[in-house]
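Features as listed in TrEMBL:
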{"type": "TRANSMEM", "residues": "A:7-35", "note": "transmembrane segment"}
{"type": "DOMAIN", "residues": "A:7-451", "note": "domain 'TRAP C4-dicarboxylate transport system permease DctM subunit'"}
{"type": "TRANSMEM", "residues": "A:55-76", "note": "transmembrane segment"}
{"type": "TRANSMEM", "residues": "A:114-132", "note": "transmembrane segment"}
{"type": "TRANSMEM", "residues": "A:144-163", "note": "transmembrane segment"}
{"type": "TRANSMEM", "residues": "A:175-194", "note": "transmembrane segment"}
{"type": "TRANSMEM", "residues": "A:215-235", "note": "transmembrane segment"}
{"type": "TRANSMEM", "residues": "A:241-260", "note": "transmembrane segment"}
{"type": "TRANSMEM", "residues": "A:309-328", "note": "transmembrane segment"}
{"type": "TRANSMEM", "residues": "A:340-362", "note": "transmembrane segment"}
{"type": "TRANSMEM", "residues": "A:369-387", "note": "transmembrane segment"}
{"type": "TRANSMEM", "residues": "A:393-414", "note": "transmembrane segment"}
{"type": "TRANSMEM", "residues": "A:426-448", "note": "transmembrane segment"}
Amino acid sequence: MTIAVLFITLFGCMLIGMPIAIALGLSSVTTILLFSNDSLASISLKLFEATSEHYTLLAIPFFILSSSFLSTGGVAKRLINFAVDTVGHIRGGLAMASVMACMLFAAVSGSSPATVAAIGTICIAGMVRSGYPQSFAAGVIANAGTLGILIPPSIVMLVYAAATEVSASRMFMAGFIPGLMMGLILMIAIYIVARVKGLPSQPFPGFKALAKSGLIALGGLMLIIIVLGSIYGGVASPTEAAAVAAVYGYFIAVMGYRDIGPMKGIPWQKSGENIISAAVRNVVQMIIAIPKSVSDPEVRKVLLDASKVSMMLLFIIANAMLFAHVLTTERIPHTIAEQIIAWGLPAWGFLIVVNILLLIAGNFMEPSAILLIMAPILFPIAMKLGIDPIHLGIIMVVNMEIGMLTPPVGLNLFVTAGITGQNMIWVIKACLPWLCLLLGFLMLITYVPQISLFLPEYIDQLNGY
Amino acid sequence: MVRNLITKLEEGFLSVLLVSMTLLVFAEVIARFGFNAGIHWAQEVTLLLAAWFVLFGASYGVKVGAHIGVDVFVKLLPQNTHRFITLVAVGLCLVYCGLFLYGSWIYLSKMKMIGIELEDLPIPKWIPMSILVIGFVLLIIRFLQLGWKVVTNQADGFHFADEAEESMEIAKGLKETVLGEDQPQKAAKEGDK
Amino acid sequence: ISAAPVEIKFSHVVAENTPKGQMAIKFKELVDERLAGKVEVKVFPNSQLFGDNKVLEAMLLGDVQMAAPSLSKFQKYTKTLQIFDLPFLFKDMAAVEKFQNGPEGQKLLNALQKKGLVGLGYLHNGMKQLSSSNPLKVPGDASGKKFRIMTSDVLQAQFEAVDAVPLKKPFSEVFTLLQTKAIDGQENTWSNIYSKKFFEVQPYITESNHGVLDYLVVTSAEFWMGLDNDLKVEVKKALAEAIKHGNTIAAQKALADKQKIIDSRRSEVLTLSDAERAQWVEAMKPVWKKFEDQIGADLIKAAEASNN
Ligand code: NA
Ligand code: NA
């Protein structure tokens with residue numbers, strides 16, 4: 001009865017188009033008022049606790065901020081140049097470079113649709129010009145763009161960590177190999193197609209050019225080094241690393257790349273300027289740029305965009321914690337788990353059910369919302385069946401990736417349609433072969449837990465735990 | 001004019017909250033490694049800023065359509081039915097706000113009566129906690145406004161945030177700069193490190 | 001006519017297999033057995049209801065009837081309970097017990113009355129030890145090192161007294177911070193060091209016994225006053241028995257966990273000679289003076305006397 005009321009009000013509220021946060025909160029409050037004697041005051045206390053007692057959650061706004069500083073077209077351009085210089089000379093190289101650029105952009109940004117937009121705009125047009133079919137180019141990018149949430153840092157992983165109290169740093173480590181693997185699988189598939197269809201390659205630019213574009217890209221890529229390095233090299237917790245990343249993101253975007261903000265367009269070295277006077281000029285200008293940033297419209301826009309997304313996510317999370325609270329006090333996952341065990345469903349069978357559930361949910365909802373509703377239910381059941389919490393997390397993330405490519409709600413599909421100017425049916429068809437690849441990859445991730453668990457466990461071993 | 005000013009204030013306040021949280025945590029890291037010191041009040045203040053950020057921001061989010069929801073189904077309905085359903089949804093949102101406002105008020109009154117201070121700062125606890133009441137009052141105002149817009153046919157839904165649409169801004173910017181001047185290769189020259 | 005039983009929600013933040021968890025279960029069993037139909041206890045472990053920072057507020061709102069936060073958590077409700085955080089005040093758990101059961105200790109149970117809370121009894125975790133990434137033999141070894149503390153003015157002063165840097169960090173982040181060496185050390189009881197695996201990431205543990213980590217079982221004054229007198233007596237009796245049960249487990253666990261840590265060889269356990277210990281006492285004792293006004297000089301004297 002309690003289960004029915006909770007879920008019927010939740011889905012009812014969501015179906016009539018209420019904000020997900022409020023649908024979660026309202027269904028929880030209704031259930032509490034009907035079935036327990038908790039007061040509204042203590043429910044409000046619980047909500048306040050959810051917004052003010054979770055230090056680890058703060059990594060979310062900080063990463064969103066750092067990623068909005070670096071999710072600019074300028075950063076995308078630099079990463080693409082580096083990728084083209086690296087793998088462009090292989091057969092099908094431009095497509096491979098696009099995948100690599102997506103992976104690199106994924107590493108600095110947490111957002112999949114942003115990856116598709118930033119890399120796709122340049123690369124799809126570039127590939128078409130070099131003689132690739134447009135549908136091939138679009139399909140590759142839409143798929144590689146989903147890596148944004150699998151390659152760390154990833155907001156979706158932080159949300160999973162928040163919902164299940166699994167360590168965010170371990171999740172980040174666990175996503176690394178699957179992310180690289182997926183990228184590699186895509187590249188191999190591209191190579192095969194390129195051989196069959198006789199797709200072109202680019203001239204190799206030489207090591208000097210490669211080193212130069214690599215160095216330029218490094219400014220943005222340092223972010224992931226800072227984040228993972230500081231978590232594992234012993235400087236900071238994920239929250240602190242995220243704050244450092246946000247500050248770094250500001251400096252690299254405003255002072256380093258100068259794509260946005262008060263130093264936009266100011267060159268590092270003017271023609272004919274000697275190095276010393278250029279250095280002095282740059283230092284002075286950078287110092288002046290810090291106070292100037294406060295009133296700079298572009299910097300303020302980045303801040304506001306990050307604020308909107310972070311606030312929205314944290315508000316959902318706060319309400320989802322009320323929802324999870326109802327789930328635990330009413331022992332709902334426990335009841336479901338006992339039922340499942342009574343049926344004798346094995347772990348592998350349960351994982352099939354998980355995948356199907358998540359794939360269906362992925363058709364209609366955004367990744368964070370799905371995780372916040374599903375994780376508190378699935379997690380305790382998985383624990384009872386002996387599934388590793390990190391492994392479950394990666395399975396969920398890969399499912400979320402696929403959800404971005406399935407209609408009617410598929411963020412990457414929308415963006416791909418937008419940048420190619422094609423209709424949705426065309427985009428879906430273009431993505432389909434690559435989507436099948438991704439489904440195969442999901443199977444691999446689901447039934448070979450070592451892919452996800454190898455790195456976190458190896459790091460533990462290195463430290464001797 | 002006034003409306004514009006209020007928007008500016010809301011946006012400014014929200015950004016300031018986010019920036020101060022970030023800088024406070026950053027400062028803690030710097031203090032620990034640069035100066036081998038701690039900032040003993042930093043954590044409590046950061047967390048309270050987070051509460052303000054979320055509870056203050058929720059109403060702004062309703063105003064600018066920054067929340068997310070599932071609107072694929074209601075959008076399939078005829079326009080008048082859609083508007084009617086939206087009104088019901090707004091009504092339920094108001095019920096949610098009302099329940100929490102009532103609960104928050106009791107909670108806050110109790111805290112004020114007992115009169116304990118924050119852990120690390122000599123400030124009565126109820127003062128930072130007042131954002132619970134403030135936040136829900138603001139949220140109610142925003143939902144009433146939205147309801148009025150739906151009644152007067154200026155809106156038919158919640159206007160949810162669309163990550164795809166926002167990402168298209170990056171694409172738009174790129175199309176203007178890069179594809180106008182062609183050749184991604186050129187970009188390398190502008191941005192040296 | 002039978003009225004609905006009085007409901008006691010017992011909310012705590014640890015697992016069921018800990019001394020506190022066992023104490024709560026024992027309490028529930030005893031009440032179920034003796035006051036069936038009159039009082040019903042529901043235990044919520046693992047912060048299912050509320051975390052330690054919010055549980056007292058929930059209690060004041062009437063939504064939780066019992067909880068057992070650590071004594072340091074009451075800092076903002078009364079200054080006198082800070083006495084339990086003073087370094088080197090008690091030489092061992094026997095002294096702690098003697099003080100708590102004596103007239104002064106029992107009077108302290110009422111220290112929270114003004115804020116609407118009633119103390120019902122003390123529950124042990126044990127004596128605190130110092131763990132660190134470097135061996136701590138004399139106070140100078142701690143100088144400049146970063147130690148995690150719970151939010152407590154006394155504990156802050158205690159580390160500042162040896163020129164160490166106290167950092168307030170949530171318990172949930174301590175392991176990561178120690179593992180990554182973002183902080184150098186922490187203070188805790190044997191059972192916490194073992195259960196939270198701190199010994200795996202801290203090469204040295206100094207058996208300092210420098211302080212005590214105990215809990216206070218509390219209820220709200222409003223709830224307690226509204227309870228029939230005979231029920232009150234029975235509940236208190238059941239609680240006393242449950243606490244005794246919990247304390248026995250805590251004592252056994254402290255010994256067993258210490259042994260497990262030694263056997264693991266992950267961490268070297270250092271003992272202090274009398275001369276070394278005297279140095280620590282000398283360095284940290286000024287903290288007493290600093291908090292004498294807030295706690296009361298007589299109370300400190302009474303506590304000190306329990307060592308004899
Ligand atoms: Na990412
Ligand atoms: Na989808």
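Just so it is clear, glycine is given a Cβ too, placed from its N, Cα and C backbone atoms.
Note that TrEMBL annotation is computational and uncurated.
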Legend entry - Stretch contact, the transmembrane segment (A:7-35) with the transmembrane segment (A:309-328), Cβ-Cβ under 8 Å, 3+ pairs: yes
Legend entry - Range from A:55-76, A:114-132, A:241-260, A:426-448 with most C-beta pairs under 8 A to the transmembrane segment (A:309-328): A:55-76
Inset, instruction - Please work out whether the transmembrane segment (A:144-163) lies in contact with the transmembrane segment (A:340-362), by counting C-beta pairs under 8 angstroms that are 6 or more apart in sequence and asking whether there are at least 3. - result: no
Inset, instruction - Could you name the stretch, out of A:55-76, A:114-132, A:175-194, A:241-260, A:340-362, with the greatest number of CB pairs under 8 A to the transmembrane segment (A:426-448)? - result: A:175-194
Legend entry - Distal contacts, the transmembrane segment (A:215-235) - CB-CB under 8 A, six or more residues away: 66, 70, 75, 78-79, 81-82, 104, 107-108, 152-153, 169, 172-173, 241-242, 244-245, 248-249, 252, 256-257, 459
Inset, instruction - May I ask which of the stretches A:55-76, A:114-132, A:340-362 has the most CB pairs under 8 A with the transmembrane segment (A:241-260)? - result: A:55-76
Legend entry - Ranked first among A:55-76, A:114-132, A:340-362, A:369-387, A:393-414 for CB pairs under 8 angstroms with the transmembrane segment (A:175-194): A:393-414
Inset, instruction - Could you tell me whether the transmembrane segment (A:55-76) and the transmembrane segment (A:393-414) are in contact, taking contact to mean 3+ Cβ pairs under 8 Å with a sequence separation of 6 or more? - result: no
